[in-house]
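Written out below as structure tokens is the structure these notes cover.
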Amino acid sequence: NRIDEMRENEKKIARIAGIPYIEVEHKMMEKNKRLIDFIRQSNYAKRMNYNSYLSLFRLFILWLMWFTASLCGYAIDLNSSRISGNLFINQALFSILIAASKIAMVVYDTVNKNFNRRKLHQYAQLAVCICFLTLTILVYFQYQGIAILVINLIGTVFIEYTWDACYLCAVESMPTSMRASSLGSCSFIARIGALLSPTIFFLSTIWPPSAYLTVVIVGMISFTSSCLFLVETKNVHLDRVDEESISDHDQQVPMVSRKH
């Protein structure tokens with residue numbers, strides 16, 4: 001039957017990975033829950049347990065992170081057309097540096113076992129704020145040198161690192177039953193940030209440093225909330241994110257059907 005097939009596949013995977021096969025009892029799988037189900041559940045206090053409130057609060061922090069990354073990323077992309085120099089060379093530099101930074105991050109995360117998700121987001125977000133605060137000051141004093149491009153490159157790389165943290169935290173901090181809907185809602189919030197980014201670009205036509213200053217202000221809000229409330233999720237077992245939560249028995253189904 002299907003369970004026997006699953007066990008055989010697990011043995012093959014263990015053999016390929018070069019590790020001994022240990023048979024484990026798989027936990028019950030919950031039906032996927034939509035975000036609206038949790039919102040409706042709040043109308044019934046007796047059914048809304050602590051883990052549900054915790055999941056919603058974590059989701060709110062994730063929304064803020066995704067909104068910030070999207071707003072800042074798209075705003076800086078739009079504003080990059082105003083950087084002095086050849087536009088195509090500048091964009092090529094952005095692309096090359098971002099690609100190289102992804103490889104560097106994978107290597108560093110592999111080597112440094114103490115580098116976790118909180119550090120990834122907070123260090124990157126703090127670096128973003130420092131870079132664009134510096135740009136705010138330089139643009140305010142009408143500086144037009146090569147430093148504008150260099151700091152933009154560095155700041156954009158760290159914005160990309162905040163994106164990495166957003167995806168990792170969204171997947172690893174939400175329970176299995178609402179992981180898909182949570183990612184969908186985070187993506188929706190990010191699109192709102194992207195839609196608002198042209199407004200920041202327009203404001204920079206009125207006062208040139210405004211785009212960079214907005215990135216700093218929004219980034220500091222995200223950085224503060226991350227320091228206070230973002231949970232650490234590195235090496236978390238995705239099946240056990242909600243291990244302590246109380247689930248209704250009628251919402252549980254076997255992961256593999258026992259029917260022939």
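Heads up, the Cβ atoms here are built off N, Cα and C, so glycines get one too.
Listed in TrEMBL for this protein:
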- 56-76: transmembrane segment (TRANSMEM)
- 88-111: transmembrane segment (TRANSMEM)
- 123-141: transmembrane segment (TRANSMEM)
- 147-170: transmembrane segment (TRANSMEM)
- 182-204: transmembrane segment (TRANSMEM)
- 210-231: transmembrane segment (TRANSMEM)
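Long-range contacts of the transmembrane segment (56-76) within the same chain: residues 35, 38, 121, 125, 128, 132, 152, 155-156, 159-160, 162-163, 165-166, 169-170, 173-174, 182, 185-187, 189-194, 196-197, 200-201, 211, 214-215, 218-219, 221-222, 225-226, 229-231, each at least 6 residues beyond the stretch ends and with a Cβ under 8 Å from a Cβ of the stretch. Same-chain residues lying 6 or more positions outside the transmembrane segment (210-231) and placing a CB less than 8 Å from one of its CB atoms are 57-58, 61, 64-65, 68-69, 71-72, 75-76, 79, 117-118, 121-122, 125-126, 128-129, 132-133, 135-136, 139, 162, 169, 173, 200-201, 203-204. Below 8 A, the CB atoms of the transmembrane segment (123-141) and the transmembrane segment (147-170) form 3+ pairs separated by six or more positions in the chain.
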